[in-house]
Amino acid sequence: MTKRRSRGDGGLHWDERRQRWIATANLGFDPSGKRIVKRGSGKTKTEAKNKLKEVLRDHEDGLAIAPTNYTVKDAVTDWLTYGLAGLDPSTVETTTLLSQKHVIPALGARKLRDLSAEDVDRWLAAKAKTLSTRTLQAIHSCLNRAVKRAMARDKVKRNVVELCSVPQGQAGRPSKALTFAQAEAVLKGAEGTSMYAYIVVALLTGARTEELRALTWDHVFLKGEPDADPPQPPHIAVWRSVRRGGDTKTRKSRRTLALPGRCVEALWQQFEDQGWDRLAAGDKWEEHGLVFSSAVGKPLDAANVRRAFRQALKGIDGINADEWTPRELRHSFVSLLSDRGVPLEVISRLVGHSGTAVTEEVYRKQIRPVIQTGAVVMDGIFGAQEQRS
């Protein structure tokens, strides 16, 4: 005679509706007094009991197993909804776009518990054919952080994404700089556009795009301070940016920059044009005190600036507008100064770097003439032999 199970040991029965054997085990009660019952199902008794053993083993490991239909999309969506609190809005936007464009379409339908390292490797390898290494690292990070959050909430046993290396992607587009002739053409061609003052100030001061977008009129001194001791020429105080918290990129990025005459003229015109915009907008105007704003006073985002910048460059001889970005005005500033023999230390201070090493690394292509000065000095010390004809 078959031995009867003790009370609370669970049981094994046939579910007519599901056409499956169901093995159950009673594990006591939760804090609310509800009975804890674990189940395993299978087409045979053995399969059902083995499945129950897996569930019990997971329970003993401290895992509250996620529903079997919990997918990668569910994990990523949960992370985007609750895991990005406190981050900069631009970071949240970028992360969301990367996840929705590259992670969810490719892996979203996969059940999270079934996701394997091979799945991730194949996904990254496919993306490496079209994306840069930096973007590959970003989408790998999105998936990794989403699965790590799911694992911390007992949705999956382990994070297989951590086991996968990021492959080499496509080469990113290298930054470039305007030549003197191109810079002159841009300054002339952009006159009369809404971006003229922005382009002039960015090119002639080397300020970062995020610094100019946050520049306010109370930090612009177009008349200078002639009564100060010593007298100060027209200048801007670069103390803020659109970064989280409003601070500049680094402590040394806070700097005061004298304004060339062309900048002063452009900013006076910008002040006048903005006054007309304010009048035209009427009640729709939002006052933020920004030097560069939308037609109704709102702050500009990176996409606004990039789009308007390229529009301003259209039709300029020798310039393909679609190949240039606003940040390359800063690269051009460094290049133009370097071509005129301005020392690296001075350039570093003007662009707000913490030291010359950063300037050399970030703008190594633009400062080539400065780096070559060492050879010139050595020739002066030891003398240079005549070159062979």
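Glycine is no exception: its Cβ is also placed from the backbone N, Cα and C atoms.
Features reported for this protein in TrEMBL:
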DOMAIN    70-151  domain 'Core-binding (CB)'
DOMAIN    173-379  domain 'Tyr recombinase'
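Mapped onto DSSP helix, strand and coil, the domain 'Core-binding (CB)' (70-151) counts 63 helix, 3 strand, 16 coil. For the domain 'Tyr recombinase' (173-379), the model's pLDDT averages out at 81.
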